[in-house]
Amino acid sequence: MSLNPRDVVIVDFGRTPMGRSKGGMHRNTRAETMSAHLISKLLERNPKVDPAEVEDVIWGCVNQTLEQGWNIARMASLMTQIPHTSAAQTVSRLCGSSMSALHTAAQAIQTGNGDVFVIGGVEHMGHVGMMHGVDPNPHLSLYAAKASGMMGLTAEMLGKMHGISREAQDKFGARSHQLAWKATQEGKFKDEIIPMEGYDENGFLKVFDFDETIRPETTVETLAELKPAFNPKGGTVTAGTSSQITDGASCMIVMSAQRAQDLGIQPMAVIRSMAVAGVDPAIMGYGPVPSTNKALKRAGLTIADIDFVELNEAFAAQALPVLKDLKLLDKMDEKVNLHGGAIALGHPFGCSGARISGTLLNVMKQNGGTLGVSTMCVGLGQGITTVFERI
């Protein structure tokens, strides 16, 4: 395919192994250290990329306090081979933060404001809890439903509106673990996981090159035994059908097509379109529907043109209505989250957008796909989507 000089291409992608936030492999590793290790190793893997050419390190992170405060992008960048003459910024769109980081870099490239960017994100939910230091304005309840800030209840609401049964959610949750375990066993994550030192359950230092979050023993029957996590009376959303609380980071090297050509680099993919959209915060999980429809329209495509989709699995009760209204339910086993998703791998907020996008590119490569969509819902009612074409 022919590319325009200012087209945005993905050169490479890597991520850390996903660690459990409670006593997991990353319990003694700080978020900046995790991020810096990932950036350094990805640059080492791409010797044609000169770190001095990096215009900006754009890093997603939601809870920007404690070790994740004071512009963690810059903190991490200073710990890598990227010189201090390159800039760095931290961005937040809650769950969509690192996909927003990608979009910010892409928009800069498209407008001639840089050629080489490092993007990604991190969330160490074991060290910085998701509600640490958060003080929501009580007056928000005058403008949005009081439960809009309680993600599990918004998932309950969306599931009820779309008639999603408890059994359907349990099946989706079990599918995530089974597919993630299958991908692990078959080495499908090998290209994306960059090994990291961490600590096992006995406190011994070792190198991890796998996700410790996957539970291969998960079945529909075991999930059916769990109690509702958010609505004790009549609720259907459980811990087993919700994204796991985990620690992790993800990273991409992004370039203009012209610079990649000049350097003799074969990119993984080109960005065809991007979009964000808002929805009622009470049904925040529905955001991927309008954002994906908008992105597809901008690319001149329909959902039928798309070979593979990565949808962030915030909750099964949220993912299934999205797939239903995107006309993907009957194509799920062929196209959607073929390596599992956040129910098995977890959802470290700042990490997930780049993580699902990179996993999508590997799924496309492994299965011969050409067009792919990565999309996710965002707390307080947003959706964000990227359409990629594999090169």
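Placed from the backbone N, Cα and C atoms, the Cβ positions cover glycine too.
As given in Swiss-Prot:
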- CYS95: active site, acyl-thioester intermediate (ACT_SITE)
- HIS347: active site, proton acceptor (ACT_SITE)
- CYS377: active site, proton acceptor (ACT_SITE)
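You'll find the Cα of the residue listed as 'active site, acyl-thioester intermediate' roughly 7 Å from the Cα of CYS377 (active site, proton acceptor). The Cβ neighbour count for CYS95 (active site, acyl-thioester intermediate), using a 10 Å radius over every protein chain in view, is 32. The Cβ of HIS347 (active site, proton acceptor) lies under 8 Å from the Cβ of CYS95, SER243, GLN244, ILE245, THR246, ASN312, GLU313, ALA314, each of which sits 6+ residues away along the same chain. All protein chains included, CYS377 (active site, proton acceptor) registers 32 other Cβ atoms within 10 Å of its own Cβ.
DSSP assigns CYS377 (active site, proton acceptor) to a strand.
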